[in-house]
Amino acid sequence: MVQRYVMSIDQGTTSTRCILFDARGRLVSVVQREHHQHFPRPGWVEHDATEIWRNVTRIVPDALAQAGVGAGQVVGLGIANQRETTVLWDRRTGAPVSRAIVWQDTRTDQMIEYLSREPAAKRVRELCGLPLTTYFSAPKIRWLLQSTPGLQERAERGEVLFGTIESWLIWNLTGGLHVTDVTNASRTMLMNLRTLSWDNELLEFFDIPRAMLPEIRSSTEVYGTTTTVVPGIRIAAALGDQQAALFGQTCFAPGEAKCTYGTGSFLLLNTGQNLVLSKHGMLTTVGFKIGDEPAVYALEGSIAVTGSLVQWFRDGLELISSAPEIETLARTVEDNGGCYIVPAFSGLFAPHWHSEARGVIAGLTSYITKGHLARAVLEATGWQTREVVDAMNADSGLALSTLKVDGGMTADNLLMQFIADVLDVPVVRPMVAETVSLGAAYAAGLSVGYWPDLEGLRRNWHRAGQWLPAMAPSRRDTEYAQWRQAVELTFGWMRPSTNTARPPRTDLIEVILDDHRQIEHLLRELRNEDADRTSLLAELSAVLTAHFTATERILHKRVGIDVTALSEEDLEDAVNAHIRDEERLLLNELRRSLSPSDRTALGRAFRHLSS
Ligand SMILES: Nc1ncnc2c1ncn2[C@@H]1O[C@H](COP(=O)(O)OP(=O)(O)O)[C@@H](O)[C@H]1O
Ligand SMILES: O=P(O)(O)OC[C@H](O)CO
């Protein structure tokens with residue numbers, strides 16, 4: 001009898017894997033390729049979507065060749081992908097309009113700051129389950145539409161399309177099918193979690209044209225058939241990679257949870273058909289949706305930096321030459337020597353959601369060696385997990401009893417033991433560590449009837465490793481308190497008032513936004529009863545007069561606020577209305593109408609008058 005297999009593509013942050021699985025969920029072949037990480041400015045992270053596609057065109061035939069399998073033996077393909085990462089491409093040529101903006105990228109932090117002051121901002125979380133931060137796709141789309149002249153209009157005409165990576169790959173594999181699955185759509189900030197469709201209020205809030213969005217489908221269904229690379233394979237499932245890991249760990253029932261330790265780490269708890277809105281900094285997201293069945297929701301604790309801290313230790317500090325060496329180095333010392341590393345490289349994600357936070361190394365003394373630093377690197381992953389589990393327990397009202405883990409970092413025994421110690425629960429790892437790929441394969445196999453039901457898949461789960469808690473409670477409590485103290489130190493690092501190192505900006509939009517933030521800062525200070533009001537009022541008056549003069553002379557727009565004639569309260573109202581109108585209407589108009597060189601020239605002139 002001809003053997004049949006399921007194929008999965010796991011398009012991750014650092015690499016893309018193609019794996020063939022047999023009916024018992026065993027790996028038959030694995031091919032992997034890394035792609036470049038682009039860091040063009042501090043806080044910016046980009047991928048070349050064309051390079052990712054090219055890698056897919058290579059690994060798919062290679063995985064078949066390695067196993068000696070023909071396309072006809074593949075019952076279906078499941079795709080799992082890094083989530084949120086935003087690709088915009090031309091509908092006609094299929095070419096990306098720019099590099100993809102990666103989920104870790106923080107360039108939209110200022111945009112988030114002003115959007116969060118909009119009255120409608122409080123609706124965002126209610127509608128899509130996500131906090132308003134740089135992490136998700138909508139601000140990234142907004143940024144691309146604003147920063148490229150003419151792109152907004154082209155998007156409105158449906159000439160430019162948006163997709164997360166699975167959408168981009170399906171488009172290319174099928175020669176033009178524009179779809180996404182609910183799990184990926186739930187990470188855009190544009191999907192209504194209850195209706196599972198694009199939400200008008202959210203589209204309006206982010207000013208994103210509906211015409212550029214893909215059709216939302218379930219996670220397991222046949223979307224289409226490949227027409228290129230290896231033609232004739234049914235694309236039968238797509239899930240965000242962390243949801244795929246939830247599926248691969250067979251967390252099918254409410255109350256089951258897993259944490260995947262890769263570049264970042266992501267703890268997901270299945271909450272069934274119950275959509276739980278977190279009060280403690282978790283996200284609400286779609287876990288999976290099998291065909292026509294109702295969606296299964298999940299609570300998620302996303303940690304931005306875990307494995308990537310090990311990479312930084314290796315590539316940035318060059319203290320080790322391979323990731324596994326971190327464990328050897330950490331074992332050269334007994335403990336962390338009082339040193340803590342809080343890796344807020346992309347701000348802090350769950351449960352804090354501080355976009356302006358930046359990393360710290362705390363507790364340094366001359367006693368500290370690179371061994372202690374290595375321990376602090378690994379412990380950072382443990383403590384971040386602890387914070388997320390505490391928040392998850394508080395939201396669900398239940399105490400997690402075991403943690404199922406997977407991902408590259410689970411090869412580290414010292415780390416796994418530390419996680420069991422700080423959580424005070426057993427940590428278990430399954431036989432198949434490639435849980436993301438397995439989950440995508442399970443979903444595809446289920447979709448085409450290769451596997452009959454979820455119970456059959458559960459039987460494939462076998463424990464390969466277990467770590468039991470062994471830390472004394474008093475030590476755990478003391479060290480956790482120190483960790484939390486170190487976390488506090490990261491907050492507020494990038495606020496405009498403390499960021500003196502940055503050169504003055506010249507882009508007109510940024511210059512105006514900087515002025516607005518300074519004005520708001522002064523208004524806030526005035527509310528402080530202990531402040532020196534006389535000098536603050538004088539400063540505010542000078543800043544406002546200069547800003548309004550620049551607005552009238554450079555933008556030829558009458559402001560009509562008499563700074564000297566209004567009471568303090570009326571002045572505050574009038575200034576807030578001015579800021580709101582300008583940011584909502586005028587700045588968008590300027591973004592559309594001005595060329596980059598005009599924006600720089602006018603920005604310089606504006607700054608000259610307003611400072
Ligand atoms: N033995 C180890 N100890 C600690 N971290 C490790 C170890 N091996 C790999 N890593 C980290 O795990 C990450 C790779 O895991 P993987 O699951 O492949 O990530 P992703 O899917 O996000 O690309 C890297 O960031 C690497 O630094
Ligand atoms: O590609 P990974 O494994 O780093 O996962 C990235 C997440 O999907 C980001 O939300």
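Each residue, glycine too, has its Cβ placed from N, Cα and C.
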For the ADP site, TrEMBL lists THR13, ARG17, THR263, GLY307; sort out which one of GLY158, GLY163, GLY408 goes with them.
GLY408
Quick one: which of TYR114, TYR135, TYR261 does TrEMBL put in the glycerol site with ARG83, GLU84, ASP241, GLN242?
TYR135
Look up coiled coil in TrEMBL and report which of 199-229, 447-477, 509-539 it refers to.
509-539
To the nearest whole angstrom, state the Cα distance for the pair ARG17 (ADP binding site) and ASP241 (sn-glycerol 3-phosphate binding site).
12
Are there residues of the same chain, six or more positions away from GLN242 (glycerol binding site), whose CB falls under 8 angstroms from its CB, and which are they?
ARG83, THR260, PHE266, LEU268, GLU300, SER302, VAL436
Can you figure out which of THR13, THR14, SER15 (the binding-site residues) comes closest in space to GLU84 (sn-glycerol 3-phosphate binding site), comparing Cα atoms?
THR13
Using a 10 Å radius around its CB, how many other CB atoms surround ASP241 (sn-glycerol 3-phosphate binding site)?
30
List, in residue order, those binding-site residues out of ARG17, ARG83, GLU84, GLN242 with a Cβ under 6 Å from any atom belonging to ligand 1.
none
Where does the mean pLDDT land for the coiled coil (509-539)?
83
Residues near THR263 (ATP binding site) by Cβ (under 8 Å) yet at least 6 apart in sequence within the same chain, in sequence order, are GLY12, THR13, THR14, THR306, GLY307, SER308, GLN311
